[in-house]
Amino acid sequence: MALQSLDIVRRSATTTPSPQAREAHAGEVAKLIDVTKCIGCKACQVACMEWNDLRDEIGSCTGHYDNPADLSEHSWTLMRFSEHETAAGDLEWLIRKDGCMHCADPGCLKACPAPGAIVQYANGIVDFHEENCIGCGYCVTGCPFNVPRISKRDHKAYKCTLCSDRVAVGLEPACVKTCPTGAIVFGTKDDMKQHAAERIEDLKSRGFEHAGLYDPAGVGGTHVMYVLHHADQPQLYANLPAEPKISAMVGLWKGMSKPLALLAIAATAFAGFLHYIGIGPNEVDEDDEAAARREMEETR
Amino acid sequence: MSARKPPEIVRYRTSTRINHWIVAISFVLLALSGLALFHPSLFWLGNLFGGGTWTRILHPFIGVFMAVAFALLAFAVGGANRMERRDWQWLRGWRDVVGNHEQDLPEVGRYNAGQKLLYFLIVLCLLALLLSGIVIWRAYFSLLFPIGLVRLAAVVHAVAATVLICAIVVHVYAAIWVKGSVRAMTRGTVSPGWAWKHHHAWFRDVLRGGGRE
Amino acid sequence: MTDLTRRQFLKVTGATLVGSSLGLLGFSPAPALAEVREFKLSRATETRNTCPYCSVACGVLMYGLGDRAKNAQASIFHIEGDPDHPVNRGTLCPKGAALIDFIHSDSRLKYPEYRAPGSDRWERIGWDDALNRIAKLMKQDRDANFVAKNAQGQTVNRWLTTGMLAASASSNEVGYLTHKVARSLGLLAFDNQARV
Amino acid sequence: MTNHWVDIKNADLVLIMGGNAAEAHPCGFKWVTEAKAHNKAKLIVVDPRFTRSASVADVYAPIRPGTDIVFLGGLIAYLLANDKIQREYVVNYTDLSFIVKDAFTFEQGLYSGYNADKRSYDKSSWDYELGDDGYVRTDPTLADPRCVYSLLKQHYARYTPDMVERVCGTPKDKVLHIWELIASTAVPTRAMTIMYALGWTQHSIGSQMIRTGAMVQLLLGNIGIAGGGMNALRGHSNIQGLTDLGLMSNLLPGYMTLPNEAEQDYDKYIAARAQKPLRPNQLSYWQNYGKFFVSFMKAWWGDAATAENHWGYDYLPKLDKPYDMLQTFELMSQGKVNGYICQGFNPLAAAPNKAKMDASLAKLKFLVIMDPLATETSEFWRNAGVHNDVDPAKIQTEVFRLPTTCFAEEDGSLTNSSRWLQWHWKGANPPGEARSDLEIMAGLFTRLRKAYREEGGAFPDPILNLAWKYAHADSPAPEELAREYSGSALKDLADPKDSTKVVRKAGEQLAGFAELRDDGSTSSGCWIFCGAWGPTGNLMARRDSSDPTGIGQTINWAWSWPANRRVLYNRASCDPSGKPFNPERKLVGWNGSAWGGADIPDFKADENPAGGMGPFIMNPEGVARFFARGAMAEGPFPEHYEPFETPLGRNLLNPDQPQAISNPAARVFKDDREAFGKAEQFPHVATTYRLTEHFHYWTKHVRLNAILQPEQFVEIGEALAKEVGVENGGRVKVSSNRGHIVAVAMVTKRIKALTIDGRTVHTVGIPIHWGFTGVAKAGFLANSLTPVVGDGNSQTPEFKSFLVKVEKA
């Protein structure tokens, strides 16, 4: 089966399994972002907006190169610039392309209450289907990377689709294609890991002894990975989480609490039902009325 | 004797009854819409509100409305819900309560200890739901709070709602179980026998011209 | 009668149980099995061009509305890099990737315009009016100020009172013709953007 | 570029200095990342700012703007002192062994022949010593004290590492580390490329900075080889082509030059340019100047260009002085220019000193704008508040604004930095009534021609006789013009070796400039483009991207001038016997009977290397010049001079010669000199530059780019921010002696204060992209600040180093 097969393997808010028979036998896809090659030119931001027919606000300069200032329903990816001085006193300009990581275990999908608003394809892409989105923002709560954004205009959730429409016809995502320096590459996840290994070897030869791949296990690995010069300190890159995982709160909320709550409610109702059958109603009989009348007359 | 119509005792004023039913209807709407958003298997309940998106839009507004209405109700009946010494005794006799043996229990005022506890439970739950609900109200407020708090609020909201729904199930069942209670909240009156049997102390108050809301 | 009978209560609770069981079985709106946004280039007309910005001269593919049929008015709606191009190999920088907004910029000029001396606004004029007037002004100035011979009597045939700056992104063909016209008039104050 | 974009992947070392390729040419820069990733190359960036290029560099060093010659001169001294030169290369392929005239001297920053009043040199002593045979005397042992090698060594002996640190502010350990890396490419198997752009050109000594870089490359044997070269990254898509086509005040197509008014004699004009070889058996290809010139005149004036009228020599205007942009605006400011035509150019934003530009444009009688976009120049008369505070009522200029097509709406070719001519195709019609520049230029010309034909007027001959054989006189087709500049035979051309054979029939397109003749039988509008549209058709439209040798030589993709050659001087990639210095990256080689390989040989194709012909065939010496002879205005060896607005007030290399503080041979107009500021009032060094998110003043009209960098800002270091009391994101006023701008302050670690000669010097970074038209937030034109002084040779304005004062706004 081709890479571009976009059979849905997981749907949000769906309690039964999606069709599982078809698998990505040729390998799941992944985007590898080599931060050490990135020059922060923002071509990926433009290509993303252009391909997806989005135009963000023309904002203002706040003393940073980060423009637009944050992800939004119109900016599904953006560069985050950090100036870092090493212990040796050398300056490093660390530029990270932020956006959806396409987690193998997506917190957004887990949190989403709307059936089919968030899906995961067999090739690993996690996609939002805005027509099913109800705008609750639970995906924002669920995401360990703070990626989904809710539009102020239509209250739908938006994020990078990994250009599922391009990948579906066998093309690479728009940001990957445009990247001038080859800092963004795309292929099967295995190939991307191998590519990353070559890059890491090169970086180590250039003195970056902690160079490494960012493919966090806490979310089951991701379909967007980074090569970092300082893989030991991901937080240097505009607070990339060191050990991202779906929050325990979200796990509780979307995990055990759901069946337990329904069970508790049902059990309460059922207990009442049993009581009614077993013991029956508490009724006022004529004796009670008579006693009441007596007392009323006495009082009068 | 049987021809004589028994004198009725007013338990709830009209305004209180209306208030109660507003809260009650709001609660039902909230429970249905909340469950739709809470459990995928109940998402279809959202269709009662015009679909998922409308459910998401309406739920918090109804919630705020209910919180306000409930606040009025809680304020109105708050005075009669103070726990007293005899209430604890009443609670210790819960087996008699459940078994319909009220005669063995200390006499009860306007509300029994179970009702009072329920009152406090509902107040607490609604407070938790209101506060956590504001935090997870994405359209207006969520951006103001750190993501950790939003996540906590989502859990608090779910837990409080579950407790509340259970509490209301108990409340509703109690009304079904103790015959004559429903009329108290629909027509506002109870028979003297009902009052004599279930709320003897209050019955005496009424006879002495007190016991009004 | 507001009091529920035992029978009625059974009905209500039963319905609730059935309802939630149906829910647990997955009774919900029709699920899609595979759906992505429609690929927007499927039958678009592809035209090869060169990015007009810097001198890397990346190859670009322009995708236009219509299939060049007589009744279809082409309009470019998407541009991406030409993967065959040996230099850019499909990549584009943030300027090149944004070319679509250059073509359709609000600042694109659509009609010849004229600003009269002392005026604070543009007036729309026709092409013929504009070119006739410009040609007339040029001829007047050339005829009045053309230097055929300098003070030493040397033949110099130059026109110094009108100047021209040539484009930096126009094609070789435009540049060639522009040079040909400008020099034939005797222009020396003729330069391009190479200096800046 | 001597080489081309893809070839950069062959480099072992990349030096980016005087440019910021990652920022300005991201897609070309990919070949640097490729060299790093797959050729284990190292990247060095030397720049006043820690740039986007620096962000992926192996080594970065800061430098004070305008002091690059000191850094590179020091490097030359280092290479010579440590014998880190590719000896076989420099002895055979450069003029290091040539003997220089005794009269040539250099003292206290000035060369022999200086005339302080004229601010120029008598260059007669700046030349080689000729022997009795008419050829230059040489000393292949390089021992002669008057040989170029000795003079070079002597000249740069003053450029010590300590001096570099003192003048440039670059820490000495960084300097030595970089020099050591660069010196590693002196071996034949290692290549370094130098990539530069406006960071070198936009100085009053810009041309000499570039020359210093080229000298380093020659010493290391890095010119003409794969992965080497001096690679100028041109700014605009066709600035290379338009310069090739001679659209400059003093040029004709193909780098032929317009005659000076003293050159009244046609034969002398040709002879002065068709230089005889200075060494035995050298090609000196410019000897063919006459063929190029006559073919060009035939292309323009057709039958009216005859041997009798010297091919229409009188039709060409003769120069009394250069009429570059700065000169023209000076004349305009004096009220001596009446009309001006801006074709796709926005000089109000692009030329220095906006206040002077505003005042000058207001003195025009008419201004014609041809542009696809609403430029600032077209609206110079419009009051745009603080950003253009003028009174329209007082401006009497008539302005015409003519809408033109953009790239997507026309066919044609563009020449990139690699000298590739690439054809492109129209995809849609232009908006509204917009027309192509071809139609507009033709429309103007045909109207003028009609008026001259009917009414007569001043010297109508060149207008009436201009060859205009286009199918539609009002709208020549790009294909017609491409065929014309490429060239064709006007008569049947006989084989020079066998006159009975016709090699090219009349009317046929020519295959290359080797077929050009000086008897009027050939026509070619631009000899270096000859063959672009050859007998087999339009080679610029070729799309075969195959690269059989894997070193990036896609010679069947489009067409490259000259003669489809991709790496200039590629003969120099082989040793004197014709064997490649580095067989791994072979460009060309001698197979015993001919030259060939992955590229078109930049050499006589059948010339046996034993004959000693040099690889630099355009020079009459046949070799590359360290000693520039009279080619440069300031002197044969690059010497450091301070920017005209210097923060030091003196030249540390020549502290006792006030005439040698700044470029002694740069032209400065009186009003512009008076507008210079002094360090006492304007203590901060400013440098202007581009951001990758924008292209000049165009993309503020482009919504997507405006989103990426919406608002004007300036970059200042943390120390300066503290000094002026501004927070990151606050606003600052930046003033020069010519004007001011107000912008957001971006406080950054990427610009550091430098210690220069014991003093702290702050640098202010000024991106240029905002103005008062477009969809981005309105801003000040950055050239409100810049000084009017050009490079001594190219007249490129000094935008990279001038003085300002930064205050909290």
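Glycine is no exception: its Cβ is also placed from the backbone N, Cα and C atoms.
Database features, via TrEMBL:
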{"type": "DOMAIN", "residues": "A:29-57", "note": "domain '4Fe-4S ferredoxin-type'"}
{"type": "BINDING", "residues": "A:C38, A:C41, A:C44, A:C179", "note": "[4Fe-4S] cluster 1 binding site"}
{"type": "BINDING", "residues": "A:C48, A:C160, A:C163, A:C175", "note": "[4Fe-4S] cluster 2 binding site"}
{"type": "DOMAIN", "residues": "A:91-123", "note": "domain '4Fe-4S ferredoxin-type'"}
{"type": "BINDING", "residues": "A:C100, A:C103, A:C108, A:C143", "note": "[4Fe-4S] cluster 3 binding site"}
{"type": "DOMAIN", "residues": "A:124-153", "note": "domain '4Fe-4S ferredoxin-type'"}
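Checking the binding-site residues A:C38, A:C41, A:C103, A:C108, A:C163, A:C175 against chain B with a Cβ-Cβ cut-off of under 8 Å leaves no residue at all. Applying an under-8 Å Cβ distance to chain C, the binding-site residues A:C41, A:C48, A:C100, A:C103, A:C143, A:C179 reduce to A:C41, A:C179. A:C100 ([4Fe-4S] cluster 3 binding site) has A:C160 nearby among the binding-site residues A:C38, A:C44, A:C160, A:C163, A:C179, counting only those with a Cα within 10 angstroms of its own Cα. DSSP labels the residues of the domain '4Fe-4S ferredoxin-type' (A:91-123) in these numbers: 5 helix, 14 strand, 14 coil. Proximity to chain D, defined as a C-beta distance under 8 Å, is registered for the following binding-site residues out of A:C41, A:C100, A:C108, A:C143: A:C41. Looking only at other Cβ atoms within 10 Å, the busiest spot among the binding-site residues A:C163, A:C179 turns out to be A:C179. Taking the Cβ of A:C44 ([4Fe-4S] cluster 1 binding site) as centre and 10 Å as the limit, one finds 29 other Cβ atoms among all the protein chains shown. Within 8 Å of the Cβ centroid of the [4Fe-4S] cluster 3 site, not counting the listed residues A:C100, A:C103, A:C108, A:C143, the chain contributes A:M101, A:H102, A:P106, A:G107, A:L109, A:V126, A:C139, A:G142, A:P144, A:F145, A:V147, A:P148, A:K159, A:V219. The DSSP breakdown of the domain '4Fe-4S ferredoxin-type' (A:124-153), given as helix, strand and coil counts, is 8 helix, 5 strand, 17 coil. Put simply, A:C48 is the one of the binding-site residues A:C48, A:C103, A:C108, A:C160, A:C163 whose Cα lies nearest to the Cα of A:C179 ([4Fe-4S] cluster 1 binding site).
Taking the Cβ of A:C100 ([4Fe-4S] cluster 3 binding site) as centre and 10 Å as the limit, one finds 27 other Cβ atoms among all the protein chains shown. Considering only the binding-site residues A:C41, A:C44, A:C103, A:C108, A:C143, the residue whose Cα is spatially closest to the Cα of A:C163 ([4Fe-4S] cluster 2 binding site) is A:C44. Across the domain '4Fe-4S ferredoxin-type' (A:29-57), DSSP helix (H, G, I), strand (E, B) and coil residues number 9 helix, 6 strand, 14 coil. When the Cα atoms are compared, A:C160 ([4Fe-4S] cluster 2 binding site) and A:C44 ([4Fe-4S] cluster 1 binding site) turn out to be 12 Å apart.
Each residue contributes its Cα atom, and for A:C48 ([4Fe-4S] cluster 2 binding site) and A:C38 ([4Fe-4S] cluster 1 binding site) these two points are 16 Å apart.
Residue pair A:C108 ([4Fe-4S] cluster 3 binding site) / A:C175 ([4Fe-4S] cluster 2 binding site) shows a Cα separation of 22 Å. Apart from A:C48, A:C160, A:C163, A:C175, the residues listed for [4Fe-4S] cluster 2, the same chain places the Cβ atoms of A:C44, A:A47, A:W51, A:N52, A:W76, A:T77, A:G99, A:T161, A:L162, A:P173, A:A174, A:V176 within 8 Å of the centroid of those Cβ atoms. Long-range Cβ contacts of the domain '4Fe-4S ferredoxin-type' (A:91-123) within its own chain (Cβ-Cβ under 8 Å, at least 6 residues beyond either end) map to 3-14, 22-24, 28-31, 33, 35, 38-40, 44, 71, 76-85, 129-130, 132-134, 136, 138-145, 147-148, 157, 159-160, 162, 164, 167, 175, 183-184, 219-224, 226, 229, 236-238, 240, 246-247, 250, 253-254. The closest partner of A:C44 ([4Fe-4S] cluster 1 binding site) among the binding-site residues, by CA position, is A:C175; the full candidate set was A:C103, A:C143, A:C175. Of all the binding-site residues listed here (A:C103, A:C143, A:C175), A:C175 has the Cα closest to the Cα of A:C41 ([4Fe-4S] cluster 1 binding site).
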